[in-house]
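Annotated active site, nucleophile per Swiss-Prot: D51, in sequence order. Summarising the annotation, Swiss-Prot assigns substrate binding site to Y109 and lists sequence analysis as the type of evidence.
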Amino acid sequence: MKIALGIEYNGSRYFGWQRQQEVASVQACLEAALSKVANEPIGVFCAGRTDAGVHATGQVVHFVTSAVRKDAAWTMGVNSHLPADIAVRWVKTVDNDFHARFSATARRYRYIIFSHRYRPAILAQGVTHCYMPLDAEKMERAAQCLLGENDFTSFRAVQCQSRTPWRNVKHVKVTRHGAYIVVDIKANAFVHHMVRNIVGSLIEIGCGNQDVTWMAELLALKDRTRAAATAKADGLYLVSVDYPDHFALPKVPMGPLFLADDEG
């Protein structure tokens, strides 16, 4: 039996999604909880391996098990064995041809910036603080050049192992909600650190250090050293993963926090 789960987590205290020796990971916690409920070893496959400190409201995983359990066991039962900062949001039995990573057609991230002179306290681990005033409208205009198929070498981490830097950005929007600025971006896939590198350069434009045209110039240069520093992990969320309709996976609010699905 193959089962898919929707997973939400606060990544602040984890060394990323992927299981590693001697450090805490989201994958290890989830597999341990699932193994207890299934009463057999469970290994999971995810839609996107988030980095250390990155969060998710829309991570999708699948696993194969011989255990027969009610849906409540895979949701509430698993949640009872998980730490408070990881939770199962939904469960669905899927066809054998489903794969959390390889069946996905697009992924969507939201990056939240707290744009205020003073740092936040309540949301300190869920946003990235920028004390400089930011012009969200300039950031929005600058980001539009990213739409479509492009070579994202300028926004690709040096250690990225992807075979190609080409990605197809389907949606990008920058909006302000009071003191919060949200960068919302959806693509067929992302190269390593792509969203955080894009946000780092948009911040330079937003605070007036660079012109609106700088983003397009960086894209054309295909040179990571010419772009801004990588933005912090704190404000980044994997909010949704798209799959072909015939898999009929549950749809839940993307968030995070106060954000509606149609915002951003």
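Using the three backbone atoms N, Cα and C, a Cβ is placed for every residue, glycine included.
Recorded residues D51 (active site, nucleophile) and the residue listed as 'substrate binding site' have their alpha carbons 13 Å apart, per Cα-Cα distance. Every protein chain shown contributes to the tally, and the Cβ of the residue listed as 'substrate binding site' ends up with 25 other Cβ atoms within 10 Å. Around D51 (active site, nucleophile), taking its Cβ as the centre, 18 other Cβ atoms fall within 10 Å, counting all chains.
Under the three-state DSSP scheme, Y109 (substrate binding site) falls in the strand class.
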